[in-house]
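Engineer: Below you'll find the structure I mean.
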2 protein chains.
Amino acid sequence: MPDNRPSADGARVLADLNALRAIGAYKTGVHKPTFSEPHKLSLDWLVRKLPGAGLAASIDGIGNVFGTSATPGLKLLAGSHLESQNYAGWLDGPLGIVYALEAARVLNADPTVKGAVEVAAWCDEEGHFGSFLGSRSYVGQVAEAEIDAARDRTSGRTMRDALAEMGLAGRPRVGVEPGRHVGYLEAHIEQGDTLESGKLAIGVVTSIVGIWQYRINFTGEQNHAGTTRMAVRKDAGLALAKFCVAIDQRFPDTCGPRTVWTTGRITLDPGAPSIIPGGAEMLFQIRDDDPAVIARLEQLLRTMADEASANGPCSVTVEKIRTGAPAMMNPGFQDAIEAASKALAGGRSIRMPSGAGHDAQMLATVMPAAMLFVPSIGGISHHWTENTADADIVTGAEVYVDACRRILAG
Amino acid sequence: MPDNRPSADGARVLADLNALRAIGAYKTGVHKPTFSEPHKLSLDWLVRKLPGAGLAASIDGIGNVFGTSATPGLKLLAGSHLESQNYAGWLDGPLGIVYALEAARVLNADPTVKGAVEVAAWCDEEGHFGSFLGSRSYVGQVAEAEIDAARDRTSGRTMRDALAEMGLAGRPRVGVEPGRHVGYLEAHIEQGDTLESGKLAIGVVTSIVGIWQYRINFTGEQNHAGTTRMAVRKDAGLALAKFCVAIDQRFPDTCGPRTVWTTGRITLDPGAPSIIPGGAEMLFQIRDDDPAVIARLEQLLRTMADEASANGPCSVTVEKIRTGAPAMMNPGFQDAIEAASKALAGGRSIRMPSGAGHDAQMLATVMPAAMLFVPSIGGISHHWTENTADADIVTGAEVYVDACRRILAG
């Protein structure tokens, strides 16, 4: 593409991101849970900005914000989310919103562009009330009963109460309009260190990995920590620790090159200093973009549990509590991002899967979808120290806007 | 001693224990937290029974019940506690109270006995509000400020509120009266399986082990469970699991024959399934009756922490949060229990340390003290299935009463 075409305004992008950071600021990050006051103010901020990008703003009954265009022709849907994890980073979500807004500002005002960029802010990507509620609602996978039952995982507030306090009770939810969009594009910080360690500017996402989650239970015998001889103990906590170490030793021989696994929570029962735990539980997660790898690892996990139970003194059970199929990103959109990166980022891009879940995996069930990553400093994510260099943010915006232009040009 | 001397009435002992079990019954055990309604009713039950043993009943300002005798001469103080752990066993505490009551009934009515048996029910041995508050108050180690600050560990109710609801607010606390008692004797279930596995009837306690407690902290790096490659993770939970397994492997070479150690609580920070824990903490306890053994093990623990920190990727710190000196039991009283066991239990006794803490360790700081154990079925303790065979309960009562007679006889 010729160099004189309108491109992203880096200063405007940084100013927008900092304006959103000032709403609900926490240290250098933000605390902006879904339907909190700072979240509401952030949605209001976007609603005020959308008309400047040639878009009509609306909020639907689940808190999704849409900027829609009256321009004829196919539209590209672009977006991300505005709420944050508790006490977390300033870019996780807002980066994708501001890039989408910037693309709409640049391209919707450009008479050479056919169609338009439309903007969406999906509500609750971070899962305070559920799992991808906003984008899942848009693709038609959320029933009213799920909203009836949803509660804030931190405060316990019901989603119905929260929607009423937001002034959204009873408002219709907006669903996908088949044939309206050429596809969906979402930008995000990488949340890992692949780009930084490779001195790269752009990640072209090939797939969003599936997440399989397990509850692993250990049953021993609760007893007195002073009077029970070591030789006769059935310590469920120790059995759990041995199992964690065995996973660490045995998974590397069976996993794929990018498989990750995590024990995120451990609970001992009863959890008192003078009582030998009679029960223990760990929440264990495996992520990969290849279901065959997961199947191998799950089989290994179950074999290890059977071996541990047979060897004693505690019994081990493995219960699968979440199965997530990977989402493949559209190859043509990947090519568009890579071409934009060659034009504007010196080709410093890499194709890579996303280890984290994103709204794009929901959109991918109803339309072509793609994602673009920018580097995360130190790979840090879901923490208030999360950050990206200003220069990388600006480069990402330029590549993103150009990729949108290429996708709309077909 | 001749066989025609009055002895324990086994049927009366079992009836008393079952009467106490009916107050606050939970399955085959009891739920009788300190200052709960069932605890109050149990104290009232004892107050009604004491006059039948020739004793005047009173409750002091910390909830200790005393049965005092007007008989001249040295008295033997005998007792235990009436509250239970939450949803726990029927004998842990009440056995020692009913044995003491039975000894007072038999011996205080016997004109050949010099002096008398006095009874004490120490409040909160189970530590709902603190650590041995009743017996520590009696030996002069509890300041008013400690009571001001004490709260129920389950409900959060303040001890001051609980004392007021019991009608005990402002009542004086009774302290040790030097020269009044020849010593203190406490009976208890073993809470382990040494007696049962050795087909023995009586444990003659030689010492009550000290408890050393540690908070071990692991610091890694909190990060996203999907986007952070395995190779660069600093998983504090995995570091903790490895440390637990290393303790299990290395402690046996350094410990004493009866040392026990327990990891009773594990906490991962933040403890979410999709976040690599950046921090982890374990509460770790070591018990032994030899401080030199503890010193060796503590040194090993600190060496292991230093090694783990040096090897990375997480750092480990060991903080000692409780130091408990062991309490030695009076040798003459041990001889009296052993002689009683020879006379009434066919000599099926063994000298053994107590791995659990008991009020006797507090009383041992101000007078000669001793303890007698009866078998625990399966060694089970602090659980509602805790139990002892009726025949063992009766034999224990007979030995206990005879031991009291021997101690009072000098």
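Each Cβ is built from the backbone N, Cα and C atoms, and glycine gets one as well.
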Engineer: Of the residues A:His181, A:His188, only one is listed by TrEMBL in the Zn(2+) 1 site with A:His81, A:Asp92. Which is it?
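Structural biologist: Answer, per TrEMBL (Zn(2+) 1 site with A:His81, A:Asp92), from A:His181, A:His188: A:His188.
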Engineer: Summarise the model confidence on the domain 'Peptidase M20 dimerisation' (A:209-310) as a single mean pLDDT, whole number.
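Structural biologist: A mean pLDDT of 95 is what the model gives the domain 'Peptidase M20 dimerisation' (A:209-310).
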Engineer: Under 8 Å Cβ-Cβ to chain B, which of the binding-site residues A:His81, A:Asp92, A:Glu126, A:His188?
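Structural biologist: The binding-site residues close to chain B: there are none.
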Engineer: What whole-number Å value do you get for the CA-CA distance of A:His81 (Zn(2+) 1 binding site) and A:Glu126 (Zn(2+) 2 binding site)?
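Structural biologist: One finds 8 Å between the Cα atoms of these residues.
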Engineer: Measuring Cα to Cα, how many Å separate A:His188 (Zn(2+) 1 binding site) from A:Glu126 (Zn(2+) 2 binding site)?
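Structural biologist: The Cα atom of A:His188 (Zn(2+) 1 binding site) is 13 Å away from the Cα atom of A:Glu126 (Zn(2+) 2 binding site).
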Engineer: Including all protein chains shown, what's the count of other C-beta atoms within 10 A of the C-beta of A:Asp92 (Zn(2+) 1 binding site)?
Structural biologist: 27
Engineer: CB neighbours of A:His81 (Zn(2+) 1 binding site) within 10 A?
Structural biologist: 29
Engineer: Any idea what the Cα distance is from A:Glu126 (Zn(2+) 2 binding site) over to A:Asp92 (Zn(2+) 1 binding site), rounded to a whole Å?
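Structural biologist: A:Glu126 (Zn(2+) 2 binding site) to A:Asp92 (Zn(2+) 1 binding site), Cα-Cα distance: 9 Å.
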Engineer: Which one of the binding-site residues (A:His188, A:His382) has its C-beta surrounded by the most other C-beta atoms within 10 angstroms?
Structural biologist: A:His188
Engineer: What does the structure give for the C-alpha distance between A:Asp92 (Zn(2+) 1 binding site) and A:His382 (Zn(2+) 2 binding site)? Integer Å is fine.
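Structural biologist: Rounded to a whole number, the Cα-Cα distance is 8 Å.
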Engineer: Where does A:Glu126 (Zn(2+) 2 binding site) sit in the DSSP three-state scheme?
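Structural biologist: Once the DSSP labels are grouped into three classes, A:Glu126 (Zn(2+) 2 binding site) ends up as coil.
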